[in-house]
Amino acid sequence: MFIISGRTMLKKAQQEGYAVPAFNIHNLETLQVVVETAAELRSPLIVAGTPGTFSYAGVGNIVAIAAELAKSWNHPLAVHLDHHEKLADIKMKVAAGVRSVMIDGSHFPFADNIALVKSVVDYCHRYDVSVEAELGRLGGQEDDLIVDGKDALYTHPEQAREFVEKTGIDSLAIAIGTAHGLYTAEPKLDFERLTEIRQRVDVPLVLHGASGLPTRDITRAISLGICKVNVATELKIAFSDALKNYLTQHAEASDPRHYMIPAKAAMKEVVRKVIADCGCEGKL
């Protein structure tokens, strides 16, 4: 089996003090880059897609390509549903072979968030599918979801304890000052809050919105309990900037087998850096 649950790899990361990178992908080329690079560095890997990505590329296509790449590189990985909100959608994708899920009910009141997440956990655990949920809200934009900065909410440590106990989730995404998208100024992460959450919660903790974070912040967050680091925007920008630059310099280019090469190379450098920041090279 090359498509696996995220549960075991996150528990190992928690025990050994590193983080597993979750890279958001969009198509064949971005999948190739993250699997190839992780395999070369023997890094654990989570390949993530938002609802928009699965709608664009097709869940069956993503699972099949990921499985074939994992097999060819002899590199097990998790295909992960990022920021999914509907149980019916999750059921369909689990049936298609996904084994790692994030249910996002963070926009609901606390009790409603618990009820939604528990329904997903009850279903997914029957099929050995790991479940991540979010408590608190990150600002910024993910797919079509836009959260204004004033609506972003930090995770409350005591609520985190209750949330984990009542839902039975496998990992918890927390809000400590990161945001989706690129930062216009260097964020100030609430490491004290992270420490307080870690003291109350025994499941692996997840950091969303890591694109553009300084290495020192990522490594400190990992030292305080973060076990999974999500990166999306930074990958897209590296890929698209290199592609645009190549096509600007080679106006006659028409073969995607050629003009995708520099785009993939630029994205690969970001993947290598994130793996280094996570301290997970050789940890497969």
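Backbone N, Cα and C define each Cβ position, glycine as well.
Annotated features, as they stand in Swiss-Prot:
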{"type": "ACT_SITE", "residues": "D82", "note": "active site, proton donor"}
{"type": "BINDING", "residues": "H83, H180, H208", "note": "Zn(2+) binding site"}
{"type": "BINDING", "residues": "G181, G209, A210, S211, N230, V231, A232, T233", "note": "dihydroxyacetone phosphate binding site"}
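Shown on the structure are the features that Swiss-Prot records.
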residue: D82; record: active site, proton donor; CB count, 10 Å: 26
residue: H83; record: Zn(2+) binding site; CB count, 10 Å: 24
residue: H208; record: Zn(2+) binding site; CB count, 10 Å: 28
residue: G209; record: dihydroxyacetone phosphate binding site; CB count, 10 Å: 26
residue: A210; record: dihydroxyacetone phosphate binding site; CB count, 10 Å: 26
residue: S211; record: dihydroxyacetone phosphate binding site; CB count, 10 Å: 24
residue: N230; record: dihydroxyacetone phosphate binding site; CB count, 10 Å: 27
residue: V231; record: dihydroxyacetone phosphate binding site; CB count, 10 Å: 27
residue: A232; record: dihydroxyacetone phosphate binding site; CB count, 10 Å: 25
residue: T233; record: dihydroxyacetone phosphate binding site; CB count, 10 Å: 20
Requested in this report: Taking only the Cα atoms, work out how far T233 (dihydroxyacetone phosphate binding site) lies from H83 (Zn(2+) binding site), in Å, as a whole number.
Outcome: 15
Requested in this report: Check H83 (Zn(2+) binding site) against DSSP and tell me helix, strand or coil, would you?
Outcome: strand
Requested in this report: Would you kindly give the Cα-Cα distance separating the residue listed as 'active site, proton donor' and S211 (dihydroxyacetone phosphate binding site), rounded to the nearest Å?
Outcome: 15
Query - In three-state DSSP terms, the structure that N230 (dihydroxyacetone phosphate binding site) belongs to - result: strand
